[in-house]
Each structure stands twice: as C-alpha cells, then as structure tokens.
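A.B. asks: Below is one structure. I have some questions about it.
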Amino acid sequence: MKHLLSTKGLGRAEAIGLLDIAEDMADVANREVKKLPTLRGKTVVNLFFEDSTRTRISFEAAAKRLSADVINFSAKGSSVSKGESLKDTAQTLAAMGADGVVIRHPASGAPEVLAASGWIDAGIINAGDGTHEHPTQALLDAFTIRRRLHGTASRGTGLDGVRVTIVGDVLHSRVARSNLWLLTTLGAEVTFVAPPTLLPMDMSGWPAAVGFDLDAAIAAKPDVIMMLRIQAERMNAAFFPNSREYSRRWGLDDVRFARLAPASIVMHPGPMNRGLEISSEAADSAASTVLEQVANGVSVRMAALYLLMSGDREDS
Amino acid sequence: MPSDRIPGTPWLIRGAALPDGTRADLVLAEGRIAEIGSGLSRAGATTVDADGLIVLPGLVDLHTHLREPGYEQSETILTGSQAAAVGGFTSVFAMANTSPVQDTAGVVEQVLALGEQAGYVTVQPIGAVTVGLAGDRLAELGAMATSRARVRVFSDDGFCVSDPLLMRRALEYVKAFDGVIAQHAQEPRLTEKAQMNEGALSSELGLTGWPAVAEESIIARDVLLAEHVGSRLHVCHVSTAGSVDVIRWAKARGINVTAEATPHHLLLTEDLVRGYDARFKVNPPLRRREDVEALREGLADGTIDIVATDHAPHPVESKDCEWDAAANGMVGLESALSVVHAAMVESGMLGWSDIARVLSAAPARIGRVTGQGQGIVVGGPAELTLYDPAASRVFGRADLAGKGANSPYLSMTLPGRVLATFHRGYATVLDGALRPAGEIRSEPEDNRG
Amino acid sequence: MARTVLNQADIARALTRISHEILESNRGPDKLVILGIPTRGVVLAQRIADTIARIEPAATDVRVGSLDVTMYRDDLARTRTRTPSRTLVPGSIDGATVVLVDDVLYSGRTIRAALDALGDHGRPTIVRLAVLVDRGHRELPIRADFVGKNLPSSTDERINLHLLEVDGDEFVSIDGGGGIDHDGEDAR
C-alpha cells in the first residue's frame, strides 16, 4: 500500500487484510512490552492543519508502539498560519526525512494533492480531509463492529448482511463518506438518516438507503446505529431551526435507545454532544462502543502505518 | 517569410479557403484588404502560401483578463496581447477586475494606451459597473463611455451585480450611450464557499457545491429586468443547460439579450475535478456532460451568440496547492480556436462561417468595437487569421504565449493550429510563431493606430 | 533436479528423536513451552508437543503456541510488505523453558527476530531452538540445540520442505542451482 487516502478505492481483500493485521496489533496491547520494533528509525510526521487532539494522539500512540519517531506539526500558530503553502510545508518535511505523513486538512482532497504532487516521497495517510474522507475512522469502526459480532473469530471475516444506520450531518461528514464505501465493500447495508438539509443534494451514486425518519429507522431494528456529531456552527446556518428540534427528531434519546434490539451496537466517532445527538444513557450503555472505538483506533492506525511504511516503497 | 522584409509592404496570401469554402488569394495593403480573387499578384508584396489553410476574420474575444494594472505577475497587457495573437485574435476586451479597478476614465484610457503600445491586438477596455466592483454604487459609466477608450461594455465580472435595483439602474443608465451590461450570473448566497458543480460528484468529493440554480435564477431575473426597462443585456460564460433554456425563452420573447459560452464549458466536464488538480478549478465550474451538450446546441441554434475565452491567467502558486485554496480560472486565448474546432466543428454542429460569426462578427457587434469583426471583404480592415484545420498537436507549455501556465489542455491532443495572424495589415504571428515585440513596434504608426 | 533427502517416515523419526532430546535436556516436561515460528514451524511445534504428550502421558502442562516474527525482521524495508501471521503465546513465559521451533535454519536472522519477539512477551529461564533441517550458512552467532537433519548445501541450492498440514504432501528435497524456495522465505 503506497498511500491511504480514501476507502473508496479500497478492495475487500485489502480491507480485510488491514483489519486482520489490526487484530495482531491489538494483541500487542495485551503483552508485557506493548511495543514493536517494526518502524525503528522511521519518522512519522503528524501534519495537522486542523485541531484534533483525539486523532493526533491516536496516530502518535500507533506510531510510537511501532517504534517510529514522531514529529507533531500543528499548523496553528506556525508558519502555515502565516501563509506558508502546503507545497512549502511538504518540501520542508521531505527535507527532514519524513517516511510517513499523517495529514489532517480542512480542504477536501489535500492529502490526494500531496500524494500526487511529487513534493514529498513519503507514504501519506489521510487523517480527515474537509468533508471528503476519514479512512482510518471508518476502518476502526468496521474493526469495532467486526469484533463485537465475531469476537476472537473476527480474522478473515467481512460484515456481510450487517445493517448499519448512520444518523446526522451526512452532508459535512467525512466519517459518513468513508464508512459508506468501506462498510458496503465489506458487505454491510448502509442507511443514512438525516434532516434533508444535512444530506448531499445528489446521492444517486451512493450505495445507501436514505431516510428522514429516525423512528422508522429504529423500528427496522438495525444491527448498528452510528450517531454523527452535530457541529454548533450548523445551527447558525439555517440547516435546522435549533438544537431542541434537532434532538427531538434526530437524537438518540432514552426512548429511542430503549426501542433498539438488545444486541444492537451504538457507535459515535466522538467527541459527543451528550443530550443533543445522543443521550448519556445510550452513550454509557453496554451497547455503546465509544471507548472501544478509541482503543481500536490505535490498532487500526498501527496496521495502516505498518502497511504503508514497512515494505520497499518502490514495490508497493 | 523573409526577415529582411520592409515594414509596411503589402502581403499576398495565396490559395486560402474562405470560411464558406471557396479558394481565394488576398492582398493586404495599407491596413486594408485590398483585393480578393484568384491568380492575384502584387509588385513588392510578401507572399504567404496558404494552401490548405482557412482564412478567418480576426478573432474577437469579449472576455479576457489581462491583469494589468495591478497583477502583472499573472499577466501584462503585452503578454496577454501576445497570447491573443498566438490564438488568432486581433481584438480582446479587457475585463475590469484590475487593481485599480477599471472604474474610471483614467484607468480605461491607461489600459487602452498600453494595448496600443503593445500593438498585437486591439485592446478594448471594459468598464466596471460599480465602484471598485463592490456592488454598492454605479461607477462613472458615462465618463468611461465618452473617454478615449469609448467603453461600451460594462461588467463587474468576477462578481455578480446581485442587487436587483442596482442592476436595473445600470441596465437603464447605459442606454444613454448604447452600452451593455455583461453580467457574471452567480447568486452569491447560493454559492458561498462554492468549489465545484453541485451534484453527485461534489457529494462524493466533499467539495461545496455551486448549484446551477445560482446561475439560472440570476439570468432569469436579469432578462426580465432587461425586458422591463428595454435595455441590452449580455450574459457572461453561460454554463448550464437550464441557463440555455432561460435565454432561449427570453430571445423568443424578443428580449434584447446576448450570451457567451467559453471554450472550456463547450469541451470539458466536471469529471476532471476528480483528483483535485486545481488547473480544472474555474468559475463558473465545469459542469455535467448534459450541460456541455446543451451549450453546444445553444451555440449551434443561436441561443448563445458567441464564444468568449474568459482567459484568466494565474501564477503557479495559485494553482499548485490544495483545491480550496486555489484560484479560479484557466488561460484560454492560445487554445480557444482549437477547442471550439474540437467541440463544434468536429462534432458537425458548426461550419467555419459559423465560427467566423461566433468568434469575430458577433462579439465585435455586441461590444461595439470599431475596425473589427467586419468579415473578409474588399476594403475592410486587414484583420485575419490563417488556420490549419488538418494539424493536430499535443497541447503543451510551449503553445502558451502568455504568462499563465494554468491551461486545462496541457498534454491533451487538440486539432488545428493558428499559423498566421494579421492585425491592421501587419503580421503578429507568422509560420505559427509570434513575431517579437520589437518587430511589431517597427510597423507603420498609422497602421498601429 | 530435486533430490529427496527425507521422506515422511524420516521426518516422523526425526521429530520423535527431537522430542526425546527436549525431554532429556529439560529433565522432564516441567515448564516447557513449545513455540513454532509460522508457518511450518507451528505445525512442527504441535507435532513435537503431541509426541511429548505420548511419551510422558503424565505431562499435561506442556504448552504449545506460535510466535510470529514479521514485526521484528531486519529486512522489512528491503522486501515487499509482509503479511504477519498470528502470535499465540499460551500464558506467561516468565521462568519457563521455551523451545522455539522452525523448519529450516539458514542465515539465523529469523531466529534473531524470534528472540527479540520473545523478549517482549516475558523472561523465560531458558530458550532452546529446534529445527527440522539445518542447512548451514549462518550470518549470526546462532545455533540449534535440536536438529532433525544437518544438510550441508551451497547457497545456490534450494531446500524444499513440505508438510502435510500446509502443503498436502510431506518431504524434504534439495534442488541444484539457484533460486529461492517455493514460498519466498529467506531462511531455508
């Protein structure tokens, strides 16, 4: 694997292979020494043009568990915020000998531009670009679902027939897009539920069912319900009247949570707005995988870093 | 052509195909077409063998960004004029979004003078509709109209005159001097942070959509305003099938509206945005295949009157970056005729006489520019382009003569090639090569006018 | 041409002998952990554990598992990305006698990686190495404690080692002339 830019282009075998390696990586966390020497001498740069402490420390932990050196490059308060271009930043990192770059950027496609530019010859991992994709989040979500469903027998399996309902701001969600492509590649059926204003205007090419009614979606007893974060700024832009109305119609409150099938899985990519898109009872329940998702994030990112950075780059 | 040719001597063009297909020789002398016929000869004339070439009236671009004054790192009036000549143009209309903005008589006269000094093409300044393109109050339209630059086209291009009352006043006011408002039709609220055509692809790529309705609603409003006040409206860079329908409806109603399409909107589609290569970022954005087809049909049936390039040069750093940060715009002068050839002639939708209309006669008429667009007639101005329709080339950086390298056609194969351009009776391009500025300056003053 | 040097019966006899030697050197089955190195080492480890259980029916606490060394290899940047196999270490190895089992001992680099991997799982009292074939050409100061067959070879010869559970047939053969073995592993 040369880069990990999106889940759209990820094949089923490739995705399952990565999740299987993530299982091996998860085992490492249970050992006496929670570290592998695999990427000793390699340098991973976390290039974050957007604040995201959670994602950054997850990648940092993953890289360190593989013994890579980690450089955190935050664009806030750096030369980047003073107008330095992506190109100059990339060339600087190349000159410093970065072997892998984990990039978070507010502009959709920025990781792809970086990978295609020739400015830097490092493996690029997309850690979230604009409203485009967030592939490692989708991979950790798939990993989490697979583990819940198959436990220790997860290796080699897909998500065939698993019904996943994703609720919330699909329009602006890179998590929704990456999950759509990955989960359907793995055989799951995806349904989006959102206010019409928070759905993309044309979803004709998307292998997903679309609805506006959360109660109807819950009545269909999905195996997994994934609540997306509602950004405060959406409320000021007339996407919906106010948070109370949003919560009433599209929030996973206690009543709706009680109507889910007992074996259902409740997911949230975090950080959560408790009481808005998800109630505390749902978030803290046994059905919730919120904390597992965090732990699994490290394993999945270790697998991605391993696949990008271990082989001969010419070969991949 | 012999390099020892004395400036000002006549030209004899042998065996060119006129736009209607007939073969003829042409003699150019003293800035005019002196003779058209067969077997012509002229003592002392420099002969150009035009066997297999089409002779077109010099092309006129109603929509060019020359960037000077203010953005000389992107383009200057000289380099933009050179790009125009290489593309077969003899006249360009210079858009007003310079710095300072072309919103006073002083600035438009300066642009006019720099164009004359360069001498490659007639540079006709466009005036801003509102002061500083700010959309608040009318610029001195009358002063620009009566200045030496004789401005007749007014546009805030780059911005839409979105205030309906201001648009109404502008349309009314320019009637006093036979002016026209060239509207950049883009409803600003519907296109906040817009990055590409809104549709299935923008949904997938996560780029903020630029919906067709933002263009169509402004065009619909403006044609109704033009009808109401009895004024002349020109619509810049029409890009959607819906816009073509609205304009077709307006014309059927007798509304005095004209419209342009760019070469890129006639050939390219939004699929090129995949990959986030900012060379394909342009405003209005590249649209769907259906829109391209509708534009072609509109141009073929006369709903769309002209092709205009919207030549928009940018420095490398404005395109060598992430999509959101990149500037909108493509250079288009050098490639325009080849692209229109590929989109309209190879598809059988237009013949060469039509090309002469949409790229010369009609834009000259809409813009009221003198000495241009009069066709190939004895006694008419010697504004001509010799084009080899059988040529084919992989379009490359070397084919660009302006400062901007932001062409979407780099490494695409395009048909045809401009081999010579004559402006005011002298050659600006010969044997496919631009003549150096020094030689242009040595042409007779009276011809350079 | 391939020349068979061990057939299925030879392999069975060698493994039986190795099992006896392990018991003898350990003075019984106490605290034995047999760890195979994927892929074929895991099969051999299981067979050795089964044999020990037959020889000493009272020895119920012999533990067997697998130790993948992919993440510890020193050639990761020189080859295609390898797909790791599973590591299953049965319980704590602190104070245990670990017997590493591999199919062919060659450069010694796989065993170096295995020793590093083992160290990250705990601190065994003793670590031993059992291999079915030792073909020489060591690049590191590593030797096997239990060897099924010493097979002096030249570097341009190829050792083929097939086991029923993995390959569907079972033999050890040697090919004249260069090349690497069937699955691209370097340690044959």
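Glycine residues also receive a Cβ, built from the backbone N, Cα and C atoms like all the rest.
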A.B. asks: Name the one residue among A:ARG12, A:ARG104, A:ARG234 that TrEMBL lists for the same carbamoyl phosphate site as A:ARG54, A:THR55, A:HIS134, A:GLN137, A:GLY270, A:PRO271.
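C.D. replies: For carbamoyl phosphate, TrEMBL names A:ARG54, A:THR55, A:HIS134, A:GLN137, A:GLY270, A:PRO271; of A:ARG12, A:ARG104, A:ARG234, the listed one is A:ARG104.
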A.B. asks: Return one of helix, strand or coil for A:GLY270 (carbamoyl phosphate binding site), based on DSSP.
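C.D. replies: A:GLY270 (carbamoyl phosphate binding site) sits in coil per DSSP, no helix or strand.
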A.B. asks: For the recorded carbamoyl phosphate site formed by A:ARG54, A:THR55, A:ARG104, A:HIS134, A:GLN137, A:GLY270, A:PRO271, which further same-chain residues have Cβ atoms within 8 Å of the site's Cβ center?
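C.D. replies: Same chain, not in A:ARG54, A:THR55, A:ARG104, A:HIS134, A:GLN137, A:GLY270, A:PRO271, Cβ within 8 Å: A:SER52, A:SER58, A:ALA127, A:GLY128, A:VAL175, A:PRO269.
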A.B. asks: On a count of neighbouring CB atoms within 10 A, which of the binding-site residues A:ARG54, A:ARG174 is highest?
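C.D. replies: The largest 10 Å Cβ neighbour count belongs to A:ARG174.
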A.B. asks: So how far apart do the carbamoyl phosphate binders A:ARG54, A:THR55, A:ARG104, A:HIS134, A:GLN137, A:GLY270, A:PRO271 get, largest Cα to Cα in Å?
C.D. replies: 16
A.B. asks: Given binding-site residues A:THR55, A:ARG104, A:ARG174, A:GLY270, A:PRO271, which are under 8 Å from chain B when comparing Cβ atoms?
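C.D. replies: Checking chain B against the binding-site residues, the residues within range (Cβ-Cβ under 8 Å) are A:ARG174.
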A.B. asks: Could you list the residues of the same chain, at least six apart in sequence, whose Cβ is under 8 A from the Cβ of A:ARG104 (carbamoyl phosphate binding site)?
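C.D. replies: Same-chain residues close to A:ARG104 (carbamoyl phosphate binding site) (Cβ under 8 Å, separated by 6 or more) are A:ASN46, A:LEU47, A:PHE48, A:PHE49, A:GLU50, A:SER52, A:THR55, A:ARG56, A:ALA127, A:GLY128, A:ASP129.
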A.B. asks: Can you tell me how the residues of the domain 'Aspartate/ornithine carbamoyltransferase carbamoyl-P binding' (A:2-146) break down into helix, strand and coil by DSSP?
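C.D. replies: Split into helix, strand and coil, the domain 'Aspartate/ornithine carbamoyltransferase carbamoyl-P binding' (A:2-146) gives 64 helix, 27 strand, 54 coil.
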A.B. asks: Given a 10 Å Cβ-Cβ cut-off, pick out the one of the binding-site residues A:GLY270, A:PRO271 that has the most other Cβ atoms nearby.
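C.D. replies: When each Cβ's neighbours within 10 Å are tallied, A:GLY270 leads.
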A.B. asks: How many whole Å apart are the CA atoms of A:GLY270 (carbamoyl phosphate binding site) and A:ARG229 (L-aspartate binding site)?
C.D. replies: 7
